[in-house]
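Reading through the structure tokens given below for one structure.
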Amino acid sequence: MGSAALEILGLVLCLVGWVGLILACGLPMWQVTAFLDHNIVTAQTTWKGLWMSCVVQSTGHMQCKVYESVLALSAEVQAARALTVGAVLLALVALFVTLTGAQCTTCVAPGPVKARVALTGGALYALCGLLALVPLCWFANIVVREFYDPTVPVSQKYELGAALYIGWAASALLMCGGGLVCCGAWVCTGRPEFSFPVKYSAPRRTTANGDYDKKNYV
């Protein structure tokens with residue numbers, strides 16, 4: 001596969017991952033109610049996200065409430081907000097950088113500089129994936145830990161929501177896409193070639209007697 005094809009494929013994966021990350025950030029399904037007691041007929045399901053919580057009735061009616069106070073939120077929710085939004089914005093910057101250095105655009109003249117710009121964009125995309133992975137894993141760790149904590153009431157136990165799985169998939173796409181962009185750009189950067197200077201000396205003219213020609217002497 002050519003370097004330009006690698007860049008395009010990587011950019012497509014990064015764009016899909018970026019959309020998935022935005023979707024995961026906005027969905028109120030980071031944790032959902034866990035049904036552990038099958039003898040109890042539940043009339044509603046609770047979803048919780050970074051920006052709102054929703055209650056879904058058994059009839060299908062859903063009512064959501066936006067978090068009004070930032071200070072009242074838990075530390076993991078505040079950190080997840082900051083890191084996820086930061087990853088989304090950084091991915092936007094990475095998009096402009098990658099498009100500037102991509103081989104399919106003419107923003108920069110073709111050459112090593114253009115390839116290094118694309119290489120920077122791919123590295124930024126990979127960094128976005130890692131940045132988004134931190135709050136996702138942190139949040140999931142807290143949900144799992146509270147789920148197995150015997151001191152937490154059954155009614156307050158939650159399971160991993162769909163937004164976490166979408167976020168993990170988006171992070172993987174961002175890192176894989178960024179890696180492909182870097183691979184495609186690395187081919188075009190050009191590797192430095194090292195060579196040793198070769199000195200040539202003019203041949204000496206000699207006479208039949210093996211001495212220098214007398215006309216060389218004054």
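Cβ coordinates are placed from backbone N, Cα and C, and glycine is handled just like the others.
Both L6 and A123 carry the same topological domain label in Swiss-Prot, so the record keeps them on one side of the membrane. For the transmembrane segment (82-102), the neighbouring stretch richest in Cβ pairs under 8 Å, chosen from 8-28, 124-144, 161-181, is 124-144.
For the topological domain 'Extracellular' (29-81), the number of residues in each DSSP class (helix H, G, I; strand E, B; coil) is 7 helix, 19 strand, 27 coil.
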